[in-house]
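**Q** Pulled these from TrEMBL:
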- Gly89, Gln90, Thr91, Ser92, Ser93, Gly94, Lys95, Thr96: ATP binding site (BINDING)
- 6-223: domain 'Kinesin motor' (DOMAIN)
Amino acid sequence: MSSTDNIKVAIKARPLIQREIVEGLKPVWRIRSNSVYQTDDVGNRFGEIYTFDHVFDQDCTNTNVYTTVVSSLVESFMEGFNATIFTYGQTSSGKTHTILGSKSEDGLFDLVVKDIFHYVSATTDKKYLIRCSYFEIYNEKINDLLEKSNQALAIREDTKGNMILNAREAVVTNVAEVKEKMKEGNKVRRIGATGMNERSSRSHTIFHISLPGIKTVIFSFIQ
């Protein structure tokens, strides 16, 4: 499951949730370098060994993940290339914590935004106009999370074959403003309770940070 130079696949083992701890469950996945495999009740390996570009254990911090995998994406983005962080996993697997972090730890979103504005503040020969948009895909409809009406968006195709989504774009000038737009959109996301999580998201979301230049480049967070 190795990747090309343009796509990197990283996985992170999540710690046990409270219910699993109460039930006395034990982790069954083992990590060896950049590979993972399952073990039985007595610790013997069974099944396939899966290899990825990066594998992080349950004690790894978001900062470590950022430094190892994501920081190079920010560099490429500031040099004029699109970049995407795509988090995938079942409910309560740690997607939200990885992207948004917690009170005690920044998520990848915060770390990316801080780095982008660090680059901007360190550049004296250019002026940047940074915009962001935030939308969700729910029941096969695309809703604009930054539009007060939370209206469904229509996708259209331009003359060059590019897909255009007419979502509201907000101009942002600092880290706090970007984080506020994320919070603003999260307030109207579809959520619901599941057996694994009392406030599980019921939709997929995409947060865009766009940087105009000779061509507009976009840094996307997909959950």
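From the backbone N, Cα and C atoms, a Cβ is placed for every residue, glycine too.
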**Q** Of all the binding-site residues given, Gly89, Gly94, which has the fewest Cβ neighbours within 10 Å once its own Cβ is left out?
**A** Gly89
**Q** Under a three-state reading of DSSP, tell me whether Thr91 (ATP binding site) is helix, strand or coil.
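**A** In the DSSP reduction, Thr91 (ATP binding site) maps to coil.
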**Q** Kindly state the mean pLDDT of the domain 'Kinesin motor' (6-223) in the predicted structure.
**A** 86
**Q** Hey, of the binding-site residues listed (Gln90, Thr91, Ser93), which one tops the CB count within 10 A?
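**A** Checking each of Gln90, Thr91, Ser93, the winner is Ser93.
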**Q** For Lys95 (ATP binding site), which residues in the same chain are close in space, meaning a Cβ under 8 Å from its Cβ, but six or more apart along the sequence?
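**A** Spatial neighbours, sequence-distant, of Lys95 (ATP binding site): Thr87, Tyr88, Gly89, Gln223.
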**Q** Relative to the Cβ position of Ser92 (ATP binding site), how many further Cβ atoms are located within 10 Å?
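**A** Ser92 (ATP binding site): 18 neighbouring Cβ atoms within 10 Å.
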